[in-house]
């Protein structure tokens, strides 16, 4: 008995980032507005984190709204018609509904129906994960053009009295359009997890506990020293592995765009990687704060606005956070 031979899709050999868009919460919240409940000071927050102000959205703005704004800018800059985008991936921990996904709503809002659309949760590594997925799906022939978004409204899950993380967090979204390339422009992704440290950063309660009256509204908290040590030592190794996977050294980089967790972590990264002075480092955290999955594309957007000459250069991007999870890859800047 003979069986029919199935068709299997194939795609282009290479992919690249076409463009980047950004949206930040409209309110710049200075340290002095937050220090009272945590018995701290502007000086202490700046010394410990490098944050001067953080962007936070108004009560009537949701993560899906920030995602939509960032997506529209990315699409406009990409030159790709919205109706040719057939994949939308949103990395987020901020959807106020379990379903429908932010991605499906954004796809409709920007004119990308009937694109495949889904949300994924890898916390602060989410954007790097989503880029890896878009790259793989396009090269597999499952999509032609992808819209990748990191979007967060973390101010909804902040306890203003929490000294571990409340003063770090901001709201925003960053988006990129990914599509075929004539040459390699997204290097292999180095990614993984360590669930043994799941308690190091995350929500302090579950929604079930809140529903049953056993706990207050869930908010983010972290074990600061545990996260700091893991980020500085283990993630520097991951960053080096990403350089090796790309077949380059730090001397080949034009930019380094890490997750905007803490300025001290960013500075230590630069030392560990022995980055030359010519490498421009993303430091968006100073005026945006830590925006989890949105932080890398937001930092990329600002970097290219301030240094347009970096376009076409190589950037190492790395995300890391709750899970614990991590993801890193080298990309050609749009």
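Positions of Cβ are set from backbone N, Cα and C atoms, glycine also.
Over in TrEMBL, the protein carries these features:
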- 118-195: domain 'Beta-ketoacyl-[acyl-carrier-protein] synthase III N-terminal' (DOMAIN)
- 124: active site (ACT_SITE)
- 243-331: domain 'Beta-ketoacyl-[acyl-carrier-protein] synthase III C-terminal' (DOMAIN)
- 259: active site (ACT_SITE)
- 260-264: region 'ACP-binding' (REGION)
- 290: active site (ACT_SITE)
Residues of the parent chain within Cβ reach of the region 'ACP-binding' (260-264), under 8 Å, 6 or more residues beyond its termini: 48-51, 124, 168, 227-228, 231, 282-286, 288-291, 295-296, 298-299, 320-321
Give me the Cα-Cα distance between residue 290 (active site) and residue 259 (active site), rounded to a whole Å. 8
What is the interatomic distance between the Cα atoms of residue 124 (active site) and residue 259 (active site), given in whole Å? 7
For the region 'ACP-binding' (260-264), the DSSP helix/strand/coil residue counts are 2 helix, 0 strand, 3 coil
DSSP-derived structure type at residue 259 (active site), helix or strand or else coil: coil
Students should find that the Cβ of residue 290 (active site) has, within 10 Å, a number of other Cβ atoms equal to 25
Counting only residues 6+ away in sequence within the same chain, which have a CB under 8 Å from the CB of residue 259 (active site)? 124, 125, 290, 295, 296, 318, 319, 320, 321
